[in-house]
Each structure stands twice: as structure tokens, then as C-alpha cells.
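Report on the structure given below.
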């Protein structure tokens, strides 16, 4: 497809939202600073090399010191309680061999219970069904997106109503619950949740026009993901690779606790006993290993987003009748090659955001910070964390498309959306909430089915609830991962549409027909409302 200079620009004002009618013309200085943006199909240079080197150094130190702690471990740690104090040498010595009890005889292993059997079978069956359920959702969204969304929205409301009534009735018939939870409080909670459900219904009805647009977005994104179905094999393999990478680090952390010595200590009665004293450098190794693991986990998440974005971008900018070859392989090569430093940089930012957010949430739960000023600081922290998280997400999408460094991709993403008057908030919020509602309904129906089957086979009482909750949690985790991948696809398609619009080109007509109806930037909404009646 030629550039704007080689071919006559397409007239987007008829079926689409015109990109040049509203955007202010870029100055020569802006054009020089931000050259025309396009998908980079050629060889890409190394980016953000210092962060790649820093990540490799931390990983090397974690493994090298882990080998050291393995060699230096003290095998007597587990027997510290049986060591005795020797007054002649003022030290702790091992007891005579005959006095060492076989601790294994203290443990009694019971046979496999019915609860354990049902728990294991539920776990295995849920794992086996998670993949087919996710693929079924993808197929339905691709071909029947409207019917799926319009069916699951009422089911979502009915599910909430059912759960609200179920806990109230179950508590009424349960003796312990009825005694510990008075009827007045139960009615208050019941009414409160009904009001909450009414609020959700009002939000859905008031935003129904946005849901109609979301249906079309989900259909296109599902088609893009179905065209690159091999991502469902590649992305989980990255998770398995991370687990293999984590396995020796976890072993090193366990062995690090065996570094130290058994020392005497004086009791209150004046006598002496022996206790384990950990080496002073062990906490430092724990900090190094945990930082490395958090950074590695964040980098893996960003690698998945990078591979997904690169693969979908190749699908988007290819000829509609020709499927790109080796698209996933090319994305993996770029991710673990020239752009791995960018992924490490993005992973570091993501890891810092997660750690700070956990710290803020912990302070809120424990009421560490009180007072108006501290509450205001917490709100500001949440706002900036959300902003950084949002920018970081679109930055890695843009970097996968263009091969730019992290900082350059962040600037160019902002400039791309700004000069085309595009808003990214709508894409994230409405589509994500709709998908979350769908998987919530499916997981809840699955948990109810598990509970009913177990109740008919083995009536375990309250333990049946625990197994059903486990099944619900597992399926939510797996389907949540599927939703996460689909959200990356939606974000990538939107950025690719912005690139198209910036060059006044149309690579995917069906994408332009939908994305042209998305809301524009809030800074320009007032001036555009009278000229674009379909915008929301």
C-alpha cells in the first residue's frame, strides 16, 4: 500500500470519520520530530540496552549467589531443637545418635478422603475444560457476538439476583449462620445488594449505545485472534518457561534459609539452650531474588503483550486475502531480540506500579495512614499509578508495531492519538467490563453445575461449597487470561487504526467502519459534537 505522496489519499468522510477535517495541521517542526508512523517490517536496531544489561546482571547474580547458598547450607538447621549446650566448650553440639528420634514416625498419614478425591478430580476436569470453553467463547464472539452479549447481559443480572437470594435463604436455614447473623442485618445486606444490582442495571441501560458499539469491536477482535489461533499455544508456553525459570530460584530461596549456625542462648531461668541463627546476608539475597522474580514476571507479561501486538499488527497491515507467514515467529524474534531491552524497561515500570499499588492497598486495609492529607495522598497515588499503567499498556503495543524504544514509543503513542483526536479510554473500559461479565456468568454457572453434581454423588456438607468455589476460581483465572489476551488484541487493533488514520489509509475496511464511531479526545469533544452525531 502506497504512502500519501504516492497515491491519492482515500476519502474517509463518506463511510468513516474524517481524520483531516478536525485535526489541526501539523507544523513542520512536529513533522520533523514525529515522522510518519508505520509498521516496521525490516530489521530493527537494539533498543533500551541499559535495561537489558541490568536485567541480565540481576538474573546472573540471583543464580550465582543461589549456587553459593546451596553449597554453604548448614544441614543441621532442621535439628537445631535437639542440639544440646556443652558448658565446657560454651557451644552447641549434636546429641548422641541414639537420642535422635525419627521424626517421621510422628506424622500420621491418613488415606485419601472423599473430599480430597473430589477436590483433585474437580481440579483436573476444570483444567481440561478451560481450554475448550475459551475457544468456544472465541468462536461465538467471532460469529455471534451480538447474540452472545445480548444474552449474557440479562444472565449476568439474573446471576447476581440468584446469588443474593441464595445466600439469604441458605443462611436462614443454617443454624450457625442464623444465630451469628441476626435477621435485621441479613435484610439490610440483602437490600443493599439489590440496590447495587439496580445500579448496575441503570449503568447498562444508560450506556446501551456503547454496548452496541462494543459488540462490533469484540467481533473484529475475535476474528483477528482466531486468524492467529496459534497464540493460544505460544503464550501459555511463555508462562511455562517462566515457571521453569522460577523453579531454581525458589529452591535457592529455600536453601538460603539453611545458611547460618546453631548458637547458645540464655533462658530466663539462667540455663542455656540452643537455637538457629540465620546468616546476616540471607535477607539481602531474599530481596535480590524477589526483585528479580517480580521483574521477570512483569517482563513475561509484557512479552506476551508484545508478541500479541506484533502478530495482530502483521495481520492488520497484510493484504486481506493473504495471511501473513511466520507472524508469530517474527514477533518472538523481535521480542527476545532487538526489543528485549524495551520489554525489560516496560516490565520494570509495570513491576514498580504493582509493588506501589500493593503497598498503598495494604496501608489502606491496615489503616496505616489516617487524616485528610494522607487520604488525599493515597488518592493522588492511585490516580498516577492508573495513569502510568494505562500509558505503559499502549506503549508496549506501539513498540511492537514500530520497534521504537520505550520512551520514544510512549511519546509517539501520545502524539499519534492526540493529532488524530482519538480517545483510548472507551476501548479499555467498555470492552473489558463486557468480557468480565461474560466470563463471570460462565464461571458461576460452571460452579453451580459442579456443586449440583457433587451434591448428588457425595454429600460433603460445607466442603462441597469449597470445591465449587475452587472450580469457580480456577475457571475465572483461565478465562480471565483469555480476556487479557483479547484485550491486548483490541488495543493493538485500535493503535493500528490510529496509524492508518494518521496516514489517511485503510488497511482493514471493517475496522475503520467500527473505530470511526469511537469517541474522540475529550479536549476536542465539544467542538465535534455538532458535526459528528454518531460519536459517544
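Don't overthink the numbers, they just go from 1 along the chain as shown.
Cβ coordinates are placed from backbone N, Cα and C, and glycine is handled just like the others.
TrEMBL: automatically predicted annotations, no manual curation.
Residues annotated as transmembrane segment in TrEMBL: 49-71 (among others).
For 119-141 (among others), the entry in TrEMBL reads transmembrane segment.
The annotation transmembrane segment is assigned in TrEMBL to 148-169 (among others).
Same-chain neighbours of the transmembrane segment (184-205): 153, 157, 160-161, 164-165, 168, 171-172, 211, counting only residues six or more beyond its ends whose CB sits under 8 Å from a CB of the stretch. According to TrEMBL, the transmembrane segment annotation covers 184-205 (among others).
Per TrEMBL, transmembrane segment is recorded for 217-236 (among others). Among residues of the same chain six or more beyond the transmembrane segment (217-236), those with a C-beta under 8 A of the stretch's C-beta atoms are 131, 134-135, 138-139, 141-142, 145-146, 149, 304, 307-308, 311-312, 315-316, 323, 327-328, 332, 427, 431, 434-435, 485-486, 489-490, 493, 510-511, 514-515.
TrEMBL lists 242-260 (among others) with the feature transmembrane segment.
Here TrEMBL flags 281-301 (among others) as transmembrane segment.
Per TrEMBL, the feature transmembrane segment maps to 335-356 (among others). With a cut-off of 8 Å between Cβ atoms, the residues of this chain six or more beyond the transmembrane segment (335-356) that come close are 43-52, 54-55, 294-303, 306-307, 310, 381, 385, 388-389, 392, 395-396, 399-400, 403-406, 409.
Residues or ranges marked as transmembrane segment in TrEMBL: 421-453 (among others).
The transmembrane segment annotation in TrEMBL covers 465-483 (among others).
Residues of the same chain lying 6 or more positions beyond the ends of the transmembrane segment (281-301) and with a Cβ under 8 Å from any Cβ of it are 55, 58-59, 61-62, 65-66, 69, 238-239, 241-242, 245-246, 249, 252-253, 256-257, 259-260, 343-344, 346-348, 350-351, 354-355.
With a cut-off of 8 Å between Cβ atoms, the residues of this chain six or more beyond the transmembrane segment (119-141) that come close are 147-148, 218-219, 222, 225-226, 232, 438-439, 442, 446, 450, 454, 466-467, 470-471, 474-475, 478-479, 482, 486.
In terms of C-beta pairs under 8 Å, the stretch of 148-169, 242-260, 465-483 lying closest in packing to the transmembrane segment (49-71) is 242-260. Long-range contacts of the transmembrane segment (148-169) within the same chain: residues 137, 140-141, 186, 190, 193-194, 197, 200-201, 204, 211, 214-215, 218, 434, 437-438, 440-441, 444-445, each at least 6 residues beyond the stretch ends and with a Cβ under 8 Å from a Cβ of the stretch.
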